[in-house]
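Undergrad: For 1-12, 430-439, the entry in TrEMBL reads compositional bias 'Polar residues'. Under the heading compositional bias 'Acidic residues', TrEMBL lists 409-429. Positions annotated as domain 'Amino acid permease/ SLC12A' by TrEMBL: 70-395, 459-628. Residues annotated as region 'Disordered' in TrEMBL: 1-26, 408-445. Under the heading transmembrane segment, TrEMBL lists 71-89, 101-125, 152-173, 180-202, 208-228, 303-322, 356-376, 458-481, 487-513, 553-581, 601-621.
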Amino acid sequence: MDVEMSNASSLRARSGHTAGVGSARPTVRIIAPPTSTLHRFQRQRNRILHFQRRWARIKEDLPPQLSRKHIGMISIGGVIGTGLFLGSADALRNGGPVGSLLGYAVVGSVVYCLCVSIGEMIAYLPNVGGVVGLADLYVDPALGFSLGWAAWYNWSVTLPAEITAAAVVLGYWESTAKIPVAAASGFFLVVATAINCFPSRYYGEVEFYMSCLKVCTIVFIILTSFLVDIGASNQGRIGFRYWTEQPFSPNYLGITGEKGHLLGFWAVLMQASFSFFGSEVPGIAAGEVIDATRNVPRALRKVWIRITLFYISGVFFAGLLVPATDPGLAGDDRTGRHSPFVIAFTRAGFKVLPDLVNASILISAWSAAASDIYIGSRFLFFLARRGHAPAFLGHLFKLNARRSVADAESSDGDTTDVSEGESGNESDYNESPSHNRGPTSIEDGLSETTTLAKDSPYVLPLASVLFSASIGLLTFLSSAAGSANAAFQWLVAVASVASLQSWVGMLFTYIRWHQGTVYAEKRCSELSDDEAQGVRKQIKKIKEHRACAQPYLAWYAFGICMIVLLTNGWAVFVHSGWRIADVMGDALPVYPSWQKQSDPVSQFLSAYVPIPFFLLLTFGYKLIKQTRMFSLDEMVFDQGSVPQLRDEDTDVPKNWLERFLQWVRII
C-alpha cells in the first residue's frame with residue numbers, strides 16, 4: 001500500500017489553515033496500486049502456465065491413445081447417424097426437395113465454419129475439455145463452467161434417445177419385433193457402456209470399423225439412388241420430376257403459399273442443425289489424441305468432404321426419389337420404414353436394400369450411443385479436474401500403469417483448484433518475481449511432465465464413464481406410458497437446444513480468441529524487440545491453421561446459430577393450440593394429415609427454457625466466484641508444453657482399408 005504525505009505548504013493550502021494554526025494534522029491518502037498492462041499480461045501468462053501444468057499432468061495420467069485414423073473416422077461417425085437416415089424424412093416433408101436441400105446446405109456451411117474455427121484453437125493449444133477449456137482460459141471461467149455443463153447435459157441426455165432409437169429399429173423385422181423395447185434398450189446400453197470401460201484406443205478401434213461400415217453403406221446408397229433416378233428400376237427414369245412438380249411443401253402448419261414455403265424451409269433449418277451435432281467431436285477429444293496439434297485440425301478441416309458427400313448428397317437424392325407428400329414419410333414408430341431411402345428402394349422393387357438401410361440405422365444409433373458416453377465422460381472428467389464438478393469424477397482407474405513424476409505430485413490436487421483470478425487475490429499469480437520474462441518462458445520447467453507412457457496402460461476415468469452411462473437409464477422412461485414418456489421426450493428436446501447453445505459458446509470463444517491475436521500483433525510496438533519477436537512467432541504459428549475469411553466465417557456461423565436458437569419455438573405462436581380464447585367465425589388452420597398438434601406449453605418451454613438456464617449458470621457462477629471477462633490486453637498466446645509438430649507422418653496405414661481411406665482423404 002502506498003502512503004503519500006504532503007508537505008507543510010500543500011497541507012495548509014488544502015486544509016485552509018494558516019501557519020500559526022497548530023491543530024492541523026498530516027493528511028494520509030491511500031492510493032490503490034496501479035494495475036499496469038504488463039502486470040495483467042503477466043497474470044494471464046501465469047494462468048496459462050497453471051493451465052498447461054494441469055494439462056501436462058492429465059496427459060501423464062491419461063496418455064493420448066487415439067491416432068489419426070481413429071479421430072478421422074470418429075468425426076465421420078459423429079455425423080452419419082439417425083439424423084441422415086430418419087431426420088431427412090422430416091426435412092423432406094417439411095421443406096420439400098428444394099427446401100430440404102437448401103436447409104442442409106446452409107447448416108452445412110455453418111458446421112464448416114465452426115470446425116475450422118475450433119481447429120485453429122485446438123491446433124495451437126490442445127487440451128482435455130477442448131474448446132470448453134479454452135473458453136475457461138481466454139473468455140471467462142464462468143463461460144467454461146456453464147458451457148461445460150451444458151455440453152455434458154446434451155451428450156448425456158442424447159444417450160437414452162439413441163439407445164431407444166436402436167431398440168425401436170428392431171421392430172422393422174418380424175423376427176425381432178417381438179423383443180420388448182425395454183429389454184433391447186438394456187442390452188444396447190450395457191454393450192455401449194462396456195466399450196467405454198476400456199482405454200480410449202479400444203473405443204477408437206470399434207468406432208473406426210463402425211464408421212468404415214457406415215461410410216461404405218452411405219456411399220453405396222448414394223450410388224444406388226443415382227442409378228434408380230436415371231431409370232435402373234421398374235419405375236423408369238425419375239429425373240427431377242418431384243422437383244418440378246412440388247419443390248416446396250404445399251402446407252406447413254396450415255399455412256400455404258410463399259409464407260408456408262418459408263416457414264417449412266425454416267423448420268428444415270432447425271431440424272438440420274440438430275442432425276449435424278457431433279461434427280465437433282475431434283475438438284472435444286483433443287486431449288486424448290496422439291499428436292493433436294496435427295491430427296485434430298486435419299480431421300476438422302476435412303469436415304466439408306463429409307458434409308458434401310454424405311449429408312448434402314444424401315438429402316439431394318432423397319428429394320429426387322421420394323415426393324414430399326408421400327404418406328410413408330410420416331409415422332411415430334421411428335423405424336426405418338419411414339426413411340426416404342427405404343421408401344425409394346421399396347418402390348424400385350429391391351428386396352435387400354431396405355434391410356441394409358435399416359441395419360445402418362441400427363448401427364448408427366448404437367455407435368452414437370457409445371460416442372455419447374465417451375464424450376460425456378470426458379466433459380465430466382474435465383469439469384472435475386477444473387474444480388467445477390465433484391472431485392471423485394476426476395479420479396482415474398489405473399491397472400498395471402507405471403507411476404510417473406506427475407503422479408507423485410498427486411493429480412487429485414487439480415480437482416480442487418479454484419479458477420485463477422476468481423478470488424481477486426493478485427498474489428496468486430505472482431509465481432515468478434519477474435515481470436519481464438519472454439513470451440516463450442512458459443516452456444521452462446514443463447519438460448519433465450510432457451513425456452508420455454509408451455506402454456499404453458489400462459487407465460480411464462471410470463467414475464465419469466459410469467456416471468454418464470447411468471443417465472442412459474432414462475431410456476426406460478421412453479417405453480413407459482403417459483407422463484413418464486412425455487417427460488423423456490421433453491428432456492431430449494431440451495438437449496437439442498443445449499447443443500445449439502454449445503455451438504454459440506464455441507463460436508463466441510473463437511471470436512474473442514481472434515480478437516486477442518489481432519490485438520497481440522498491434523501491441524508489438526509497445527514491447528521490447530525480443531518480446532515482439534516472440535509474439536510474432538506465436539501469431540505466425542496460429543495463422544498456419546487459420547482459414548481464409550476469418551473471422552467473418554465465425555461471425556456468419558454465430559449469427560445463423562443465434563437466429564435458429566431464438567426462433568426455435570416460433571411454431572408455437574402460429575399453432576392453433578396456443579389460444580387464449582376463440583372468436584366466433586375464426587377458422588382454424590387446416591393441418592396436413594402427418595402434422596399433429598403438440599402441447600404448445602411444453603413445446604415453448606423445451607425451446608426456450610435452456611436459454612435462461614444457461615444464463616443462470618453463467619451469471620450465478622460469476623456472482624459467487626466474482627469472475628470477469630478477460631480483456632484483450634490480458635490474453636497471452638503461449639503454447640507452454642504443447643509438443644511441436646513433427647515433419648514426418650508416423651501414422652502409416654497398416655492395411656488396404658486404411659490406405660484406401662487415406663487415399664480418398666477420409667482419414
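These residue numbers are counts, starting from 1, taken along the chain as shown.
Every residue, even glycine, has its Cβ placed from backbone N, Cα and C.
Situate these features within the shown structure.
TA: Note on the transmembrane segment (101-125): residues 91, 95, 131, 134, 137, 265, 268-269, 271-273, 275-276, 279-280, 282-283, 286, 292-294, 296-297, 300-301, 303-304, 307-308, 311-312, 315-316, 319, 503, 506-507, 509-510, 513, 541-542, 544-547, 550, 553-554, 556-557, 560-561, 637, 639-640, 642 of its chain, located 6 or more positions outside it, place their CB under 8 angstroms from a CB of the stretch.
Within the same chain, residues 81-82, 86, 179, 181-182, 184-185, 188-189, 192, 277, 333-337, 355, 358, 361-362, 365-366, 368-369, 372-373, 375-376, 379-380, 383, 468-469, 471-475, 477-479, 488, 491-492, 494-496, 498-499, 502 sit at least 6 positions outside the transmembrane segment (152-173) and bring their C-beta atoms closer than 8 Å to a C-beta of that stretch.
With a cut-off of 8 Å between Cβ atoms, the residues of this chain six or more beyond the transmembrane segment (180-202) that come close are 65-67, 70, 159-160, 163-164, 166-168, 170-171, 288, 365-366, 369-370, 372-374, 377, 456-460, 462, 465-466, 469, 472-473, 475-476, 478-479.
Counting only same-chain residues 6+ beyond the ends of the transmembrane segment (208-228), those with a CB under 8 A from a CB of the stretch are 69-70, 73-74, 76-77, 80, 84, 235, 238, 309-310, 313-314, 317-318, 320-321, 341, 344-345, 348, 350, 353, 356-357, 360, 363-364, 367, 657, 661, 666.
Panel annotation: around the transmembrane segment (487-513), residues 110, 113-114, 117-118, 120-121, 131, 134-135, 138-139, 143, 146-147, 150-151, 153-154, 157-158, 160-161, 273-274, 277, 280, 474, 477-478, 480, 551, 554-555, 557-558, 561-562, 564-565, 568, 602-603, 605-611, 614, 635 of the same chain, lying at least six beyond its termini, place a Cβ under 8 Å from a Cβ of the stretch.
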Undergrad: Could you give the residue numbers and ranges of same-chain residues that sit at least 6 residues beyond the transmembrane segment (458-481) on either side and whose C-beta is under 8 angstroms from one of its C-beta atoms?
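TA: That would be 61-63, 152, 155-157, 159-161, 163-164, 167, 180-182, 185-186, 189, 192-193, 196-200, 369, 372-373, 376-378, 380-381, 384, 392-401, 487-489, 491.
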Undergrad: Would you kindly check 71-89, 303-322, 601-621 and say which stretch has the most C-beta pairs under 8 angstroms to the transmembrane segment (356-376)?
TA: 71-89
Undergrad: For the transmembrane segment (303-322), what are the same-chain contacts with Cβ under 8 Å, counting residues 6+ beyond its ends?
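TA: Answer is 75-76, 79-80, 84, 88, 91-92, 96-98, 100-101, 104-105, 108, 111-112, 115, 215, 218-219, 221-222, 225-226, 228-229, 238-240, 242-243, 275-276, 279, 328-329, 340-341, 343-344, 347, 665-666.
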Undergrad: Cβ under 8 Å, sequence separation of at least 6 from the ends of the transmembrane segment (71-89): give me the contacting residues as numbers and ranges.
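TA: Residues packing against the transmembrane segment (71-89) from afar: 100, 162, 165, 204, 207-208, 210-212, 214-215, 218, 271-272, 274-282, 285, 289, 295-296, 298-300, 302-303, 306-307, 310-311, 314-315, 318, 329, 334, 336, 338-341, 357, 360-361, 364-365, 367-368, 371, 661, 666-667.
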Undergrad: Within the domain 'Amino acid permease/ SLC12A' (70-395), what mean pLDDT does the predicted structure show?
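TA: PLDDT averaged over the stretch: 83.
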Undergrad: Which sequence-distant residues neighbour the transmembrane segment (601-621)? Criterion: at least 6 residues beyond either end, Cβ under 8 Å.
TA: 140-143, 145-146, 149-150, 486, 490, 493-494, 497-498, 501, 565, 568-569, 571-572, 575, 578, 627
